[in-house]
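Student: Not my notes, these are from TrEMBL:
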type     : residues            : note
ACT_SITE : 78                  : active site, proton acceptor
BINDING  : 79, 84, 86, 88, 100 : Ca(2+) 1 binding site
BINDING  : 173                 : substrate binding site
BINDING  : 203                 : heme b binding site
BINDING  : 204, 247, 249, 254  : Ca(2+) 2 binding site
DISULFID : 47-126              : disulfide bond
DISULFID : 80-85               : disulfide bond
DISULFID : 132-322             : disulfide bond
DISULFID : 210-236             : disulfide bond
DOMAIN   : 37-326              : domain 'Plant heme peroxidase family profile'
SITE     : 74                  : site 'Transition state stabilizer'
TRANSMEM : 12-31               : transmembrane segment
């Protein structure tokens, strides 16, 4: 008990150092982070308690339902891969527009009410200041830490986008992708194959629905462990919406997802291909053997992802309500 507090402090210090090094690298690579753009202390004077508000509300929600950590993280990922990290995933459909969240790829996402609660509290404390895009990025980060994953800091100051179209979700990775498909799609966003594998490790928490992997069972996938195939078949006997955890610890952020891939127990085609393909197998083996390495690479890749195609200044807005454009 005596050593818990120093260990926690050390973990946070190391996370801050990782963030500094990653952000410095991103600046060198051409991203602009400064006084007129993203900044670690963006809300220091305009809304100083933003991070504590986000963390408190996320923690309360996850204490009631730990399974919400995964959809919050996935929501952030699905937001960033479509038009950048601009909160477009949060917008509701209207009569004249079907939004991203109603795409089949996003129907399993949950936790929108958590973002609503955070926004409501921040609007009470500092109206018109904190963007929904920043709220989602911070909530995803805090969900990872709640699930016993790595802690990391991110620059703030994203603005909210003004577009959310269901047709744009075609740019999300498919559960049927092979390693080459994944490398190509992630590469279009500036990620290396190793960063793609690290980000795929987000599947260490959460579940997949039968509809996303049942195709592997009709003609048995040769890369699927035969006993695990029986497990997936039993899951699917309850219908397309039946849920299968990605690994044995669905609510714990660890490296067991990679252990599952090494054992040919990957749930999705896009999971197992990471081990099957010689292009990515070594990364899977490394993360399966070394959780600390996975955590470090995941931190770095996540910080990079939070900077995808961000809106700054007049290119975006701060929504009054995360579910609709001002």
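Each Cβ is built from the backbone N, Cα and C atoms, and glycine gets one as well.
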Student: Which of these recorded positions is closest to residue 203 (heme b binding site) if you go by CA atoms: 80, 173, 210, 247, 322?
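Tutor: Checked the recorded positions 80, 173, 210, 247, 322; minimum Cα distance to residue 203 (heme b binding site) goes to 247.
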Student: Would you say which of the binding-site residues 88, 204, 249 has the most Cβ atoms within 10 Å of its own Cβ?
Tutor: 204
Student: What residue among the recorded positions 74, 78, 203 has the most other CB atoms lying within 10 A of its CB?
Tutor: 203
Student: With every protein chain in view, how many other Cβ atoms are within 10 Å of the Cβ of residue 210 (disulfide bond)?
Tutor: 20
Student: Measure from the CA atom of the residue listed as 'active site, proton acceptor' to the CA atom of residue 173 (substrate binding site) and give the result in Å, rounded to a whole number.
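Tutor: Distance between the two Cα atoms comes out at 9 Å.
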Student: List, in sequence order, those recorded positions among 100, 126, 204, 236, 247 whose Cα sits within 10 Å of the Cα of residue 85 (disulfide bond).
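Tutor: Correct set: empty; none qualify.
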Student: Please report the Cα separation of residue 322 (disulfide bond) and residue 84 (Ca(2+) 1 binding site) in Å, rounded to an integer.
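Tutor: Cα to Cα, residue 322 (disulfide bond) and residue 84 (Ca(2+) 1 binding site) are separated by 16 Å.
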Student: If you count the C-beta atoms lying within 10 Å of each candidate's C-beta, which of the binding-site residues 79, 86, 100, 247 ends up with the smallest number?
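Tutor: Each of the binding-site residues 79, 86, 100, 247 was scored by Cβ atoms within 10 Å; lowest is 247.
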